[in-house]
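In TrEMBL this protein carries:
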- 68-193: domain 'Ribonuclease A-domain' (DOMAIN)
- 45-62: transmembrane segment (TRANSMEM)
Amino acid sequence: MRTVLEKMPFTSCGGFSWERALGCRKLTYGGCEVQRVEVRDVKGLLPLMVLMVIVFLLLVLWENELTGDVMLTSIEHLHVDYPQNTVPRRYCNYMILQRVIREPDHTCTKLHVFIHERPQKINSVCTSSKKKSCPNYSEVFCFQSETRFRMTVCQLIDDGTKYPACRYHISPIEGFILVTCDDLGPVNFQGYVE
């Protein structure tokens, strides 16, 4: 870095010493000390500063993208409540708010199901011999559980309500669950059969 020939004055009157703080030369004018510090050229730092800002923004965006994807696609986050939460009243309202379950346009989801079984038992559905077409997607295959699972069905009371003002009717049921799977286990909950 090259040094600029111009000097920048700092004044000190009283107890604080710029000489000790900055390690610079001092001159006295009228009872006050005038400090002179050599200013360095900062143009060499500009590319480094720009690079640091870009890296910071990339890290922030990457973190938000990762947490958003995990939260939105995790079957365990969206549908598994084991052991069942002991909220005595308004179970659906509480759970849907706690897990931030809503439609992409920020309206309340019309129907949501919470499964009250161990995640290991839900994972075993992917090895079930009961494989059939999913009700929502004709080309995708679903695996149906071989045993009935305890579930809570949350049905929206007022259609078109904006999140978080959602109110739900609660229906505890037992039924066979339908899930799509990949090599690691269940990917999406597709519904249930009573």
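Cβ atoms are placed via backbone N, Cα and C, with glycine included.
Secondary structure by DSSP for the domain 'Ribonuclease A-domain' (68-193): 28 helix, 47 strand, 51 coil.
Mean pLDDT, taken over the domain 'Ribonuclease A-domain' (68-193), works out to 90 on the 0 to 100 scale.
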